[in-house]
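Taken verbatim from TrEMBL:
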DOMAIN    133-219  domain 'CAAX prenyl protease 2/Lysostaphin resistance protein A-like'
TRANSMEM  7-28  transmembrane segment
TRANSMEM  48-66  transmembrane segment
TRANSMEM  86-107  transmembrane segment
TRANSMEM  127-146  transmembrane segment
TRANSMEM  158-176  transmembrane segment
TRANSMEM  182-200  transmembrane segment
TRANSMEM  207-226  transmembrane segment
TRANSMEM  232-250  transmembrane segment
Amino acid sequence: MMKKRYLAIPILAIALHFLLSNLLYFLVERLVLDIFHIPPQQFMKHSYWGEILIYAVLILVFFTLYKLLWRKDISEPRTATNFKDVLGSLVVGFGICGISGLWIMLAEQLPSLQKSVEAINAGAENIAGGNAFGTFMIAVIAAPVVEEILFRGIVLRSMRKFTPVWAAILMSSILFDVYHLNIVQAVYATLMGIAAGILYEKKKNLLFPILVHFANNLITMLQGFAPSEVNELISIFILIMIAPAGYVICRSLRQDKRADSM
């Protein structure tokens with residue numbers, strides 16, 4: 001019975017996120033257009049404020065759900081926030097972005113994947129209507145918080161109750177990439193999900209996977225707004241970060257093995 005409960009939690013949580021986010025988008029749109037009678041063009045220009053409000057509600061709902069689900073799990077050791085692990089998480093996020101850049105460069109050369117790459121680029125341009133502040137608040141701050149609470153804090157943690165750790169990390173990462181509904185994006189979303197899952201499993205602290213996600217999305221945003229000369233420097237930086245990111249993940253895995261052997 002308990003196993004069925006933990007099996008249902010990931011499915012229900014993802015379904016709740018999908019339904020609630022769409023319902024909130026609908027309600028905000030109707031509130032602005034039908035009740036406040038704001039012209040559609042003006043609404044589209046400042047729609048990111050509505051999206052920020054929606055994400056604030058989602059963060060509140062899913063963080064509350066996260067705390068309620070695991071309120072009795074007080075025995076698990078949790079790594080306190082510290083500079084070394086914060087920096088390591090950011091490095092992992094930058095490195096994942098470097099690998100993602102290489103994958104997108106390859107995908108652009110494959111005719112079967114070119115439309116998926118175009119869809120990613122179009123989606124990035126449409127976030128917050130192309131407004132830099134809105135994009136930062138939504139894609140760089142809010143989305144990582146909501147998605148990491150959902151996929152690492154709820155989905156992964158639920159799956160750990162009935163599967164081995166490695167299987168829980170892999171399955172939660174696959175669900176994370178399926179939720180993005182783009183085959184090119186799914187590949188690096190899975191990779192980021194695995195890295196974030198390893199750090200969460202090692203540290204039991206949601207801040208660290210959130211920082212991985214934050215760093216990845218921050219670089220993506222900067223590349224979308226920066227001039228080509230700056231973009232080249234960013235590309236070099238994230239490629240250099242691949243090796244340090246691998247080191248951070250490998251060190252975490254080795255520490256797990258040492259802890260198991262003690």
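For all residues, glycine too, the Cβ spot is worked out from N, Cα and C.
TrEMBL annotations: computationally assigned, not manually curated.
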Paired segments the transmembrane segment (7-28) and the transmembrane segment (158-176) in contact, 3+ CB pairs under 8 A: yes
Candidates 86-107, 127-146, 158-176, 182-200, 207-226; stretch with most C-beta pairs under 8 Å toward the transmembrane segment (48-66): 127-146
Residues from the same chain, set at least six apart from the ends of the transmembrane segment (232-250), whose C-beta lies under 8 A from its own: 88-89, 91-99, 101-102, 195, 198-199, 219, 222-223, 226
Residues in the domain 'CAAX prenyl protease 2/Lysostaphin resistance protein A-like' (133-219) grouped by DSSP into helix, strand and remaining coil: 77 helix, 0 strand, 10 coil
